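Enquirer: Got a structure for you, written out below as structure tokens; questions coming shortly.
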């Protein structure tokens, strides 16, 4: 009882330091909580309590990331990474909202006690909780990090590990690695990326290595954390000449201001600091917290126009490569490989350009749709031996099932002694290297960039050749503000309108006159 009393008074006393801003209402979405950084302290304090409860419930380390990704620099946000490195489970979102909007400390305390009872969580220090903290480069991040630490310290037995200034995917990777009992520091992250990239580059067939293969790559860092981290990572890799612009160091530019993957993908123009001098050079762009990646090449017209290579084309590149490796494994002459069956699934949203879907289906791949939002794509991709998902905005990754990885490892051991150096063995090594290079917790611009570069080298493709895989169908997106967005109800992964009745028929009549 004494412990319970101690816990109650500690929580009340801590919560009184972080009152809810007047008139504010917070909601936990795909990106966690987001708003102007100046009014977010109470939300981050409460999100930290939520993270501790999640850690107590799962008996594992949980992550808390302070970022607002591609939003303007004055905004900030907070989101929680579950023990597997993925998004926090959706079942906890209503509680997250209630906690963030609790009007006073007493109300907050009651919510925590009630929820802990429902979830069989013991408070009062009976068990420990581990929270890994990260933040991006936003000026408001430091004060919000302090609020997070106070939220963690408000629960007895909870420990905060400040991992420093990170990209969002780095924190997710650290949480996943720590809970798998693997090395989980930032140097470990860089080492894993550099090592697996080198392995893929070493496995590029000699006949594919072109004299003209351009090793120069110019990257727009969105004046965020991604540019800084890429500067560190590039020192550890060879075979690529990386130049970072909009790196955000020395306060040279403003975060996400006329730069970054979101800007480039939506506006289809060159980011700040790029121009006619870059015509013909392979360029890429990260978003503010480096969880999105797009490529582009600057066109020779003076208008700042670009040829955009978006998430759909990155997905297609990865799909072609992985399909090729699986085909090598299934060749008749490979006695060991003959029995090697793998289900490869491609997951897209209805925002994907129809030309990419057609292209992937023509390759004979299984393509399925999921509702918009990374959490839905990720869940669907987990159903396959290898699941690849991407949104057009450049957020996505490749997931390998545990079972598939152990089969690959067993096969690698067999081949290493019997058929080392054969095409079959190399394909196994490539797939294992991809599973190490790509961030399986969440979309990651740093690891995605290195995988794109390794695959382009393997295929012997220029960015122009890659871009010509298919031509996008003409499309236009715009946001329409309506009185009540819940009035529109969709089905089949948002590809059909169910309500209001009759609306789908009108759409069908409009589109029926045109092919594709």
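Note: Cβ is positioned from N, Cα and C throughout, glycine not excepted.
Because TrEMBL annotations are produced automatically, they should be read as predictions rather than curated entries.
Since we're looking at a predicted model, the values are computed, not measured.
Pasting the feature list from TrEMBL:
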ACT_SITE  69  active site, phosphoserine intermediate
BINDING   69, 287, 289, 291  Mg(2+) binding site
DOMAIN    58-91  domain 'Alpha-D-phosphohexomutase alpha/beta/alpha'
DOMAIN    126-179  domain 'Alpha-D-phosphohexomutase alpha/beta/alpha'
DOMAIN    184-294  domain 'Phosphoacetylglucosamine mutase AMG1'
DOMAIN    310-461  domain 'Phosphoacetylglucosamine mutase AMG1'
Enquirer: My understanding is the cutoff is Cβ-Cβ under 8 Å with a sequence separation of 6 or more in the same chain; which residues meet that for residue 291 (Mg(2+) binding site)?
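Expert: Residues satisfying the criterion: 69, 167, 168, 169, 395, 442, 443, 444, 445.
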Enquirer: Including all protein chains displayed, how many Cβ atoms other than that of residue 287 (Mg(2+) binding site) lie within 10 Å of its Cβ?
Expert: 32
Enquirer: Measure from the Cβ of residue 289 (Mg(2+) binding site) and count the other Cβ atoms within 10 Å, all protein chains considered.
Expert: 34
Enquirer: Could you give the number of helix, strand and coil residues in the domain 'Alpha-D-phosphohexomutase alpha/beta/alpha' (58-91) as assigned by DSSP?
Expert: 3 helix, 13 strand, 18 coil
Enquirer: When the pLDDT values for the domain 'Phosphoacetylglucosamine mutase AMG1' (184-294) are averaged, what is the result?
Expert: 92
Enquirer: So what's near the domain 'Alpha-D-phosphohexomutase alpha/beta/alpha' (58-91) in sequence-distant terms, Cβ-Cβ under 8 Å and 6+ beyond its ends?
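Expert: For the domain 'Alpha-D-phosphohexomutase alpha/beta/alpha' (58-91), the sequence-distant neighbours (Cβ-Cβ under 8 Å, at least 6 residues beyond its ends) are 28, 30-38, 40, 43-44, 47-48, 50-52, 127, 129-136, 138-141, 144-145, 148, 166, 168, 171-179, 222, 254-257, 260-263, 287-289, 291-292, 374-375, 378, 440-442.
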Enquirer: Can you count helix, strand and coil residues in the domain 'Alpha-D-phosphohexomutase alpha/beta/alpha' (126-179) using DSSP?
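Expert: Per-class counts: 25 helix, 15 strand, 14 coil.
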